[in-house]
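Some features that Swiss-Prot has for this protein:
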SIGNAL    1-51  signal peptide
CARBOHYD  Asn87  N-linked glycosylation site
CARBOHYD  Asn99  N-linked glycosylation site
CARBOHYD  Asn125  N-linked glycosylation site
DOMAIN    158-348  domain 'NodB homology'
BINDING   Asp165, Tyr256  acetate binding site
ACT_SITE  Asp165  active site, proton acceptor
BINDING   Asp166, His215, His219  Co(2+) binding site
CARBOHYD  Asn169  N-linked glycosylation site
CARBOHYD  Asn271  N-linked glycosylation site
CARBOHYD  Asn309  N-linked glycosylation site
ACT_SITE  His322  active site, proton donor
CARBOHYD  Asn326  N-linked glycosylation site
CARBOHYD  Asn354  N-linked glycosylation site
CARBOHYD  Asn363  N-linked glycosylation site
CARBOHYD  Asn378  N-linked glycosylation site
REGION    382-430  region 'Disordered'
CARBOHYD  Asn393  N-linked glycosylation site
LIPID     Ser427  GPI-anchor amidated serine
CARBOHYD  Asn429  N-linked glycosylation site
Amino acid sequence: MIPSTAAAALLTLTAGVALAHPGCGGQEIGRRNVGGPMVYRRDVTDEASAAASTDVNTECTAYGYAPVTEIASSFPTIWETASILSNDTEGQQLFATINSTLNTKLPNDVPHGTPTGDWTGVNYNSSDPDCWWTHNKCTTPASDTGLEADITIVPEPMTWGLGFDDGPNCSHNALYNLLSENNQKATMFFIGSNVMDWPLQAMRAHDEGHQICVHTWSHQYMTALSNEVVFAELYYTQKAIKAVLGVTPQCWRPPYGDVDNRVRMIAQALNLTTIIWSDDTDDWAAGTDGVTEQDVTDNYQAVIDKAGNGTYTTHGPVVLNHELTNYTMSVFMTMFPKIKSAFSYIVPMCTAYNITQPYLESNVTCPNFETYISGVTNISSSTTQKDGSSSTNTSSSGSGSAAGSASATSSSDDSSSSGSASASSSSSNASSGALGMFDGLSGVGLVLSGVVAGVMLL
């Protein structure tokens with residue numbers, strides 16, 4: 001928490017460094033250097049071949065997937081701050097509507113600091129009128145804003161809310177194998193640029209029944225960004241996930257937890273529920289600022305110990321874990337047996353809140369809590385047949401729009417249900433307008449043919 005002085009009406013923020021998880025910027029997970037010459041190429045043809053190896057060097061060797069050029073121009077440059085594209089008329093119109101409402105309802109809520117988390121010289125009212133999480137861990141906006149409270153806990157006792165930030169990670173096969181072997185589903189908070197970089201890994205997450213949420217396009221401090229950039233960071237990540245997986249997420253997690261009412265209002269207009277956390281494992285911080293791997297293990301153990309001391313008799317924790325590096329994934333794998341032993345249930349966030357329609361599309365459902373704990377953890381999707389009848393697929397494998405439709409290239413060229421926590425009349429209306437922005441990409445296989453200068457493996 002950024003320090004405050006109770007006696008001061010205005011607070012001067014002098015922190016010059018990121019106070020949350022500064023290492024969580026994406027480059028640790030095989031971030032590609034867009035624009036450089038390709039020096040590696042992995043021969044993968046589909047999702048299964050991408051999931052076959054647990055050798056990190058093999059997993060994180062770049063691959064190409066067609067048709068790249070057909071859709072690449074519909075998105076911002078990967079790993080650069082997103083902005084609305086000049087030819088994206090629908091995006092521009094949707095933002096104009098949202099921005100008009102925002103300026104009317106929250107005219108005094110303005111950006112804070114820099115996108116890298118530097119608040120030097122920033123003056124902010126110590127009463128926290130913007131419900132700024134980074135300032136005071138505020139998660140419940142004032143009622144007159146019309147904003148939903150952030151999700152921070154699981155309403156079911158002795159239940160661990162499982163999620164992973166920063167994916168998809170090119171080297172996540174070992175983690176996903178563990179989850180699959182234990183019939184364990186999670187909520188995956190995906191960075192848009194990572195989805196573009198590693199589409200087959202994103203497909204695996206969705207097809208194996210994990211809930212997919214938004215974690216912005218370029219992973220920056222959102223409250224430092226302009227209204228337009230906040231919108232673009234969320235909008236294009238939704239759009240990329242829709243293009244790759246065929247579904248439009250209705251949930252998101254702000255990088256570093258950095259959110260305020262202005263950012264919440266933009267997210268809610270895109271029908272995105274804000275999910276924070278109650279407990280941070282600090283897995284992202286190992287090796288920085290004096291944080292050791294033992295500290296991370298101790299943090300996990302502290303959450304586990306709460307299950308034994310009565311803390312979770314009325315609710316459960318939402319725990320911050322990361323699909324960030326091999327270490328952050330492996331430490332979870334090590335602690336998973338202890339978590340299973342200590343907690344009655346481990347569930348994804350859609351199940352925790354009985355949100356049976358986790359996406360804008362109504363043909364994919366998430367099991368509610370009662371169904372999940374009975375052993376039916378699979379995502380169910382329905383399709384309409386040519387004769388007008390419908391069929392239901394109750395396996396954990398969904399059907400993303402890119403799955404099976406895009407083909408690998410070997411060239412070396414350069415290149416909601418009523419239970420939804422996000423439901424509100426204002427966000428619902430805006431979302432109806434947002435639906436059209438995805439129609440043109442439905443059924444198109446999104447992949448990023450790699451231009452790579454090298455792969456950083458940590």
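Numbering starts at 1 and runs along the chain as displayed.
Each Cβ is built from the backbone N, Cα and C atoms, and glycine gets one as well.
DSSP assigns Asn326 (N-linked glycosylation site) to a helix. Here the candidates are the recorded positions His215, Asn326, Asn363, and by Cα distance the one nearest Asn271 (N-linked glycosylation site) turns out to be His215.
Summarising model confidence by region, the domain 'NodB homology' (158-348) averages a pLDDT of 98. Neighbours of the residue listed as 'active site, proton donor', defined as other CB atoms within 10 A of its CB across all chains, total 26.
Looking at Asn99 (N-linked glycosylation site) and His215 (Co(2+) binding site), their Cα atoms lie 21 Å from each other.
In space, His215 is the closest of the binding-site residues Asp165, Asp166, His215, His219, Tyr256 to Asn363 (N-linked glycosylation site), judged by Cα positions. A separation of roughly 12 Å, to the nearest angstrom, links the Cα atoms of Asn326 (N-linked glycosylation site) and Asp166 (Co(2+) binding site). For the glycosylation sites Asn99, Asn169, Asn326, Asn354, Asn363, the greatest number of Cβ atoms within 10 Å around a candidate Cβ is found at Asn169. Asn99 (N-linked glycosylation site) falls within a helical segment according to DSSP. Asn125 (N-linked glycosylation site) has a Cβ environment of 15 other Cβ atoms inside 10 Å. The distance from the Cα of His322 (active site, proton donor) to the Cα of Asn169 (N-linked glycosylation site) comes to 10 Å. Asn125 (N-linked glycosylation site) falls within a strand segment according to DSSP.
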